[in-house]
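According to TrEMBL:
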type	residues	note
DOMAIN	B:70-120	domain 'NADH-Ubiquinone oxidoreductase (complex I) chain 5 N-terminal'
DOMAIN	B:138-422	domain 'NADH:quinone oxidoreductase/Mrp antiporter transmembrane'
TRANSMEM	B:6-23	transmembrane segment
TRANSMEM	B:30-50	transmembrane segment
TRANSMEM	B:86-107	transmembrane segment
TRANSMEM	B:182-203	transmembrane segment
TRANSMEM	B:209-228	transmembrane segment
TRANSMEM	B:249-267	transmembrane segment
TRANSMEM	B:279-300	transmembrane segment
TRANSMEM	B:331-352	transmembrane segment
TRANSMEM	B:373-395	transmembrane segment
TRANSMEM	B:415-438	transmembrane segment
TRANSMEM	B:501-524	transmembrane segment
TRANSMEM	B:608-627	transmembrane segment
Amino acid sequence: MDAANYLYLSALLFTIGAVGVVVRRNAIVVFMCIELMLNAANLSFVTFSRINGDLNGQVIAFFTMVVAACEVVVGLAIIVTIYRSRRSASVDDASLLKR
Amino acid sequence: MISNSLVYLIALPLAGAAILLLAGRRSDKWGHLLATALSASSFFVGLYQLSLMLGRSNEQRPISQKLFEWISVGSFKIDAGLMLDQLSICFVLLITGVGTLIHVYSISYMSHDPDRRRFFAFLNLFIAAMLLLVLGDSYLNLYVGWEGVGLASYLLIGFWNQKPAYATASKKAFVMNRVGDMGLSFAIMIAFATMGTVSFTGVKAAVEHTSTAALTGIGIMLLVAATGKSAQFPLQAWLGDAMAGPTPVSALIHAATMVTAGVYLITRSNFIFDAAPTAQLLVVIVGAVTLMFGALIGTAKDDIKKALAASTMSQIGYMILGAGLGPVGYAFAIMHLLTHGFFKAGMFLGAGSVMHGMNDEVNMRKYGALRKFMPITFATFGLGYLAILGVPPFAGFYSKDMIIETAFNSGGIKGIILGSVTLLGASITAFYMTRVMILTFTGKSRWDDQAHPHESPWLMWLPMAILAIGSVTSGYLLSHGNALVNWLSPLFENHGEHEELLSPIVVSGLALTMVAIGVAIAFLKYSRNQVSDVAPENVSIFTRIARQDLLQDRFNESVFMRPGQVLTKILVRTDDSVIDGAVRTVGRAAMGSGASLRGVQSGFVRSYAALILVGAVALIAAIWVVTQ
């Protein structure tokens, strides 16, 4: 099968994720969209690894997963704390730092 | 010769000033006594030095003391050093002697002033600075004292600076003195640039290898310095206003000592002026102009202190003129300086005594008939009056006639002009001094109702009496057997005798005739008619101009002050619009761009994300376009 198809899928997933980040207000959903974008990138890395015939891309995909896991831990903790104090998980409400 | 005790002359009064200023109010009770004692002890050190000097031969007389290495940069070395020679010892004794008498006088004169201690501290500071001026062994050391007396003069003129007019007067004196001080600093710079040294001995030795142009430059700059400090034309306008200070200050600083510093400077620099005839001619012209200028102002003043100040200006004009006549004139200038120190200080103290008895009234038109109430003041003032007129055998007769005679004998048209000017000046001096005497001491009383004239206490009349004795005897003592001329002669180059235009006896006769004419006119004008107690208004234009000090202030204001202010305003505006404007524009541009960019920072995470996305897409698009 043509490796380019995986790249098309990856671009599609990335676009869905990006649009989700921009249009959705719920912090959890935004978070899931970010994960989607990260995994779209992972898919690209693995595909390029396959095309080039070396392991660099796959190693980077593992690194990304580790970073994403850490990010989930910190991010979810922040979201939960904000929800507790403000009774809302909308990212637009958390805009107090602008002033 | 080397000595190590010269420094005490200066250190004693300087310590007095330091103690009184640092101890503050705690020394109120004894401060004036300490200051007087220290000034007197400085006088006794001076007498001791004189006795030592008299015991040495002519060549051995000058002594010096190195204080410390002052400036040492590479090959450039200047030591702070003192030098006492035949010229400085005259000044040392005049400064400390008259200074001590005036300290004594001030104990009583200032007894009602809450700040008497501060006054004595400043007086001691002045004595120390003036001694440094005459004892310094280089132009740079002299400069330190020169600035010191300027400071002391400023502090003492503005001693009652709670009155704005007095504070302004002190500022005026200081600013005008600074113009002269610039001259002195330029002279030092030229001397250093052309000769590489600023010490008196070094400059004297270097004169013959130096171009006449440089010497003329130094001479003219020294003359500018002298005109500033000695209130000579064209920097004379401050002296009249300086009378705002307490009267002892006028007597000590603005009559006897500080204002004669210019004469000292020119006499000390005799080797420069002897080698620079143009500068010397300018000195004579300045002296001649000022002696007439001061005399004319003196005729129109009703304020007794300002009349005396104008007289001081005129008498210093005589000294400067004498000093400008070259080697024959230096000694006579110094002699007139010394006798003038006695009689003018005495008369100022007399004026202070009159003011003391008349509720600080200075307008002579409010005096009259004080002879009966203040006999001692009348007697001492009268002796000073006879001395300044040049009546034999009083002091002024010897000193002033010698200057007139030297002026006549200076040769050619110049001699005749200078001689006539000095003679005319003597006549006008006689007129205005007689006017002062008549208005103050004789005629009918024109006092205010509150005035209760009385003789001053002995602490005040004793110094006046001693100065009066000096006014009577000093001329004879200094000229007896050419004492002062021989004493000073080792310092000056002798160029032999000038041809004699008029013999001394003719000059004396002429001078006495002119004086008699001046006295007679004053008697006719003021003694025969009743004097009004307000200044008459319907007077000639000349009187009106003389009352305004010959328009000196108006001239300075319109030629220097107003254009100066305009220039300052233009500069301020330029600074405001150009330099500040540029800085402000940069600041405003940064703030404006910041304000317009601030809208982007909305605080909404999603808009940031959208912007990042747009940016990333744009970047990728750009890369794609470039790489295609």
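Cβ coordinates come from backbone N, Cα and C, glycine included.
Keep in mind that TrEMBL annotations are predicted by a computer and have not been checked by a curator.
Simply put, out of B:6-23, B:182-203, B:249-267, B:182-203 has the most Cβ pairs sitting under 8 Å from the transmembrane segment (B:209-228). Helix, strand and coil residue tallies for the domain 'NADH-Ubiquinone oxidoreductase (complex I) chain 5 N-terminal' (B:70-120), in that order: 29 helix, 13 strand, 9 coil [DSSP]. Same-chain residues lying 6+ beyond the ends of the transmembrane segment (B:30-50) with a Cβ under 8 Å from its Cβ atoms: 5-6, 8-10, 12-13, 15-17, 19-20, 23, 63, 84, 89, 92-93, 96-97, 99-100, 103-104, 106-107, 110, 116-117, 120-121, 123-124, 127, 131.
Per-residue pLDDT, averaged over the domain 'NADH-Ubiquinone oxidoreductase (complex I) chain 5 N-terminal' (B:70-120), rounds to 89. Only residues 6 or more beyond the boundaries of the transmembrane segment (B:6-23), in the same chain, are considered here, and those with a CB under 8 A from a CB of the stretch are 31, 34-35, 38-39, 41-42, 45-46, 49, 63-65, 67, 82, 84, 92, 96, 117-118, 120-122, 124-125, 127-128, 131-132, 135. Residues 87, 90, 94, 98, 101-102, 105, 109, 246-248, 250-252, 255-257, 260, 263-264, 266-267, 304-305, 308, 311-312, 315-316, 318-323, 377, 380-381, 383-385, 387-388, 394-396, 398-400, 402-403, 406, 460, 463-464, 467-468, 470-471, 474-475, 478-479, 484-485, 488-489, 492 of the same chain lie 6 or more positions beyond the ends of the transmembrane segment (B:331-352) yet place their CB under 8 Å from a CB of it.
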